[in-house]
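*Asks:* Sharing a structure here in structure tokens format.
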Amino acid sequence: MLLVYCPHCDVERAETEFSCRGQAHIARPSDPSQTSDEDWVNYLYVRANTKGVYAERWRHIHGCGRFFNAVRDTVSDKFLKFYKAGESMPDLEALAKEAGK
Amino acid sequence: MKRYSFLELAKNAFSAHQNWGRQWRSPEPKAEYDVVIVGAGGHGLATAYYLAKQHGIRNVAVIEKGWLGGGNTGRNTTIVRSNYLWEESAALYNHAIGLWQGLSQDLNYNVMYSSRGVMMLAHTVHDVQVAQRHIHANRLAGVQNEWLTPEQAREYCPPLNISKNIRYPVMGAALQRVGGTARHDAVAWGYARGADDLGVDIIQNCAVTGIKRGQDGAVEGVETSKGFIKAKKIGVVAAGHTSTVMDMAGVRMPLESYPLQALVSEPVKPAFPCVVMSNTIHAYISQSDKGELVIGAGTDQFISYSQTGGIHITNHTIDAICELFPHFRRMRMLRNWGGIVDVTPDRSPILSKTPVPGLYVNCGWGTGGFKATPGSGHVFAHTIAKDEPHRINAPFTIDRFRTGRLIDEAAAAAVAH
């Protein structure tokens, strides 16, 4: 079980308090009627599924209920960074380098 | 290939079984192959076997990063069944059931397929309705599946607790008698031996590091840790690592890779006659021929390549099993492990050509690929050999995510994803 830090509550809690909601920073197409089928596929279904450093969404369902993002190494499952939803994506390569990956 | 027989067994008994030959070669890669299969699990080896046997394409290599059958083929709970909801899936898995029945004879290798029956429990009114809908759909699709009352379920599986006093009482069950188990390692070994005998090179401990494409976009070969290998066609059968391998060819996949766990108990005398699954409370149990209880747990909620999972996931399954089978409460668990499963958005596999000429992909089996091994290899070999899908895997394209013709087994697969 992972230990997850909620940047809204400023606490570290067991993973069972949280719900993981998949890859972060996937933007919904801003003009649906002009969006091609390929772009819809990319938005709806295609995921990076990275083996390595990856940004994902979490929600503190049994706490504040709010969304936040985390950067995690999907090989070791170690978290490298937590940040609030709405903040821009950190430099994943720099974080990977820092973690010695 | 030296055929295994009773006579051979008797002959080798005189030399204390020290002189059985190797089952397959360990060749160095050739410079060029007609087909390179990436991944020597059950599906990859079966693909190579049927390419050589049914399509006469024998200049084939199966390239494996680790050892053959060391990924999900050696990590699953060995269940075989075909009671899926949609006709497309039922046809695919039933095709596999057909092949399972004669597989030991075909491969001259005992894969220990045992049709001991797969029973899926219903605990709520909704479960009962869903199970009966499955049974009717299966009957229309020519797939065997039948409804049991709680009493009939206990008759079929005497250890089952059908008391009304448990948290999720058993309200009935769907039974597929032709379902059961097979020896997972033997499936990989049997296909490896059969393919090797037909001239297929199985190259272990050789990681694919790149896929080379030519000016016209078509594949030219694979970069590996043992150098460049030219290939006219490439079939990727890399399970949890499919996204990683397909990235090398510039194809992004609708997949996410999750750890799925299983565990086994200490071995005991035969105590459990069939396979029992419960989707609602997530129990998943059978007994191996060695005597261990084989228990399947769920996936973690996040993607991972760690081949381990959270202990609360296994706990959840054990809780359910202790309630349904109280006499297992004092059993000790020996080992648990995880495998990385590639899950598609509609929980159905992809067996398909790709936008890249000469590149084919067989993936997305999620939490339940083992049961399909023979059928998957059979139709994927057809797809590679003919450059067009077999009638059975024609619906399982990558393109279905663009056209919207999904095969939505999310609720129909037995295990909650």
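Positions of Cβ are set from backbone N, Cα and C atoms, glycine also.
Feature table excerpt (TrEMBL):
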DOMAIN    B:35-79  domain 'Rhodanese'
*Asks:* Counting only residues 6+ away from its ends, which parts of the chain sit with a Cβ under 8 Å from the domain 'Rhodanese' (B:35-79)?
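*Replies:* Result: 29, 118, 179-185, 187-189, 191-192, 194-195, 198-208, 221-222, 224, 229, 231-241, 245, 262, 275, 277, 284, 286, 288, 294-296, 337-341, 362, 365, 368-374, 376-378, 380-382, 384-386.
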*Asks:* Reported in the order helix, strand, coil, what are the DSSP residue counts of the domain 'Rhodanese' (B:35-79)?
*Replies:* 17 helix, 9 strand, 19 coil
*Asks:* Taking every residue in the domain 'Rhodanese' (B:35-79), what is their average pLDDT?
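*Replies:* Taking every residue in the domain 'Rhodanese' (B:35-79) and averaging pLDDT yields 97.
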